[in-house]
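Working notes, beginning with the structure itself.
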Amino acid sequence: MTAILERRESASLWNRFCDWITSTENRLYIGWFGVLMIPTLLTATSVFIIAFIAAPPVDIDGIREPVSGSLLYGNNIISGAIIPTSAAIGLHFYPIWEAASVDEWLYNGGPYELIVLHFLLGVACYMGREWELSFRLGMRPWIAVAYSAPVAAATAVFLIYPIGQGSFSDGMPLGISGTFNFMIVFQAEHNILMHPFHMLGVAGVFGGSLFSAMHGSLVTSSLIRETTENESANAGYKFGQEEETYNIVAAHGYFGRLIFQYASFNNSRSLHFFLAAWPVVGIWFTALGISTMAFNLNGFNFNQSVVDSQGRVINTWADIINRANLGMEVMHERNAHNFPLDLAAVEANSIDG
């Protein structure tokens, strides 16, 4: 009888825990995805802060030339970064217990791999948690779908690209200048500016910001005033009110006359779907572009594509970009390569005699 009572008590405790985890009444929803999200993001954040402040230099290229990234080793907020795991480690899973000592683990850039893998798990779980909360509340799932765009982008630069290139040392450093270095080297090696998927991403980001500004300004300019001119129009809105807060007909009429009639949405649902889909699809394409360039399916190459009747090259902007790419490529990892890959790949002409 005692055993039966204990089993009921433990089951009751588990049920209460499940109810608490999945309760939508909590100030912050936890959810089953949150059970994994919270420890992974806390770990990634904690290690990032500690490493950004105090991590010793890392041998990123695997040639015994450590690169300093932390504040205590001479960097500031702009130049500091978590240096990627050493090329000597490659794609190997490199937890602390795989190193002979903590000093070796730090020298080989172990914190980068720890942070990145925990971070990617955490943001994926955050996306799952968005879906989970939407499901509990009876909402549609599109919030999580929208968030999948930045998740895909982060996964592309922190995981897919290193896998394609064969080493975590090719991943994006976790810092401001490190991000810029990653972008410059990526352009030099993959000509990303000439990749159509990157172009779609640019259209998505800039177009999304334009449409967001247009929508916000149109709504703010067509509010239905419920107050006198002596007080703010915002005071006329009550949270949860049933009435429309702005006049979509007026906004539609204004914009339709400013551009042309069919450039303006007259359906609020279609409008907001478009506002969400435009940047999300653009960033999806950019993440897909990074993931294909990871395996060296690079941007368009129009180098020396225009020649005169004598066979002499007439430079186009593509050739100017190519010259810049070569310059950037010879300057990065200066002591790891004798020549940029584009030059080293060309077979030398044999000399007889």
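Glycine is treated like the rest: Cβ placed from N, Cα and C.
In the three-state DSSP scheme, His118 (chlorophyll a ChlzD1 binding site) falls into the helix class. Proximity of His118 (chlorophyll a ChlzD1 binding site) to non-local residues of its own chain (separation of 6 or more, Cβ distance below 8 Å) is seen for Thr40, Leu41, Thr43, Ala44, Val47, given in sequence order. Residues or ranges marked as chlorophyll a ChlzD1 binding site in Swiss-Prot: His118.
What Swiss-Prot lists as [CaMn4O5] cluster binding site is Asp170, Glu189, His332, Glu333, Asp342, Ala344, and the listing cites sequence analysis. Under the DSSP three-state reduction, His332 ([CaMn4O5] cluster binding site) is assigned to coil, being neither helix nor strand.
Reduced to three states, the DSSP call for His198 (chlorophyll a PD1 binding site) is helix. Sequence-distant contacts of His198 (chlorophyll a PD1 binding site), defined by Cβ-Cβ distance under 8 angstroms and a gap of at least six in the same chain, are Ile192, Thr286, Gly289, Gly299. What Swiss-Prot records for His198 is chlorophyll a PD1 binding site.
Counted within 10 Å of its Cβ, the other Cβ atoms near His215 (Fe cation binding site) come to 17, all protein chains included. The Fe cation binding site annotation in Swiss-Prot covers His215, His272.
What Swiss-Prot lists as N-acetylthreonine is Thr2.
The site 'Stabilizes free radical intermediate' annotation in Swiss-Prot covers His190. In sequence order, Met293, Asn296, Asn298, Gly299 are the residues of the chain that are 6 or more apart from His190 (site 'Stabilizes free radical intermediate') and have a CB within less than 8 Å of its CB. In three-state terms derived from DSSP, His190 (site 'Stabilizes free radical intermediate') belongs to a helical segment.
Among the features that Swiss-Prot reports, transmembrane segment is placed at 29-46 (among others). Listed as Cβ neighbours of the transmembrane segment (29-46) (distance under 8 Å, sequence separation of 6 or more from its ends, same chain) are residues 20-23, 114-116, 118-119, 121-123, 125-126, 128-129, 131-133, 136.
Feature annotation from Swiss-Prot assigns transmembrane segment to 118-133 (among others).
Annotated transmembrane segment per Swiss-Prot: 142-156 (among others), in sequence order.
What Swiss-Prot lists as transmembrane segment is 197-218 (among others).
Using a Cβ-Cβ cut-off under 8 Å and counting only residues 6 or more beyond its ends in the same chain, the transmembrane segment (274-288) has close neighbours at 142, 145-146, 148-150, 152-153, 155-156, 197-198, 200-205, 207-208, 211-212, 215, 265. Annotation source Swiss-Prot lists transmembrane segment at 274-288 (among others), citing sequence analysis.
A simple way to gauge crowding: the CB of Glu189 ([CaMn4O5] cluster binding site) has 20 other CB atoms within 10 angstroms, across all the protein chains here. The most densely surrounded of the binding-site residues Asp170, Glu333, judged by C-beta neighbours within 10 angstroms, is Asp170. Looking at His332 ([CaMn4O5] cluster binding site) and His215 (Fe cation binding site), their Cα atoms lie 43 Å from each other.
The Cβ neighbour count for His332 ([CaMn4O5] cluster binding site), using a 10 Å radius and every protein chain shown, is 15.
Between the CA atoms of His215 (Fe cation binding site) and Glu189 ([CaMn4O5] cluster binding site) there is a gap of 39 Å, rounded to the nearest whole number. Through the fold, the transmembrane segment (142-156) approaches residues 119-120, 123-124, 126-128, 130-131, 134, 276, 279-280, 283-284, 286-288, 290-291, 294 of its own chain, all at least 6 residues removed from its boundaries and within a Cβ separation under 8 Å. The two recorded residues Glu333 ([CaMn4O5] cluster binding site) and His272 (Fe cation binding site) have their Cα atoms spaced 46 Å from each other.
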